[in-house]
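If you check Swiss-Prot, you get these features:
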- CYS43, CYS44, CYS108, CYS139: [4Fe-4S] cluster binding site (BINDING)
Amino acid sequence: MNSIEFPLLDRTTQNSVISTTSNDLSNWSRLSSLWPLLYGTSCCFIEFASLIGSRFDFDRYGLVPRSSPRQADLILTAGTVTMKMAPSLVRLYEQMPEPKYVIAMGACTITGGMFSTDSYSTVRGVDKLIPVDVYLPGCPPKPEAVIDAITKLRKKVSREISEDRIGSQQENRCFTTNHKFHVGRSTHTGNYDQGLLYQSPSTSEISSETFFKYKSSVSSHELVN
């Protein structure tokens, strides 16, 4: 497992007093106490549940699962995200205090998976709703891969600068690595307008004249069938 680049200590005096910067101290405290909000909707989340056991013991990384987004600084999405649950996911992310991070776990969360080919209600990538810091592919990813993703996120936190973090835009916070996959022909655009998520469902009203006109032109047997 790769070692984490902890913030450097400036100097140590003769009285064993350690001096450092406030930015390094803040990064060290945050990377050592990530509190995740677990958002599992499918089978990938079962692999994450195995991390709670004694074999992997993810508590040693300072991870304390929280049930409230207001107490979490990391949200881990695992499983398929549908259009109906998209507003709830966006609302949970907006309720999390800054700085906050996102780990997308599994193929269904990253691209929609096998449900994105012929499903009209599947979001083809959670990054169309919220910014993602670490992508964790797999179907499902192994617990060791989840630990590696958390390690990469901790490295990212250790290198952050408070001024850059405040001034950076949300769309530029993604963290990923180069891959060797070849991009094929796109069959689905997967572009979703977040403004549509907050609109109330429209109701179509049929006038009584149109209804009775259609009813008179169709026999009662056809209406039953």
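Numbers run from 1 along the shown chain.
Positions of Cβ are set from backbone N, Cα and C atoms, glycine also.
Where Swiss-Prot records a feature, it is marked here on the structure.
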residue	record	DSSP class
CYS43	[4Fe-4S] cluster binding site	coil
CYS108	[4Fe-4S] cluster binding site	helix
CYS139	[4Fe-4S] cluster binding site	coil
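Comparing Cβ neighbour counts within 10 Å across the binding-site residues CYS43, CYS44, CYS108, CYS139, the minimum falls on CYS139. Sequence-ordered, the extra residues of this chain that approach the [4Fe-4S] cluster site, with Cβ no more than 8 Å from the Cβ center of CYS43, CYS44, CYS108, CYS139, are SER42, ALA78, GLY79, THR80, GLY106, ALA107, THR109, GLY113, GLY138, PRO140.
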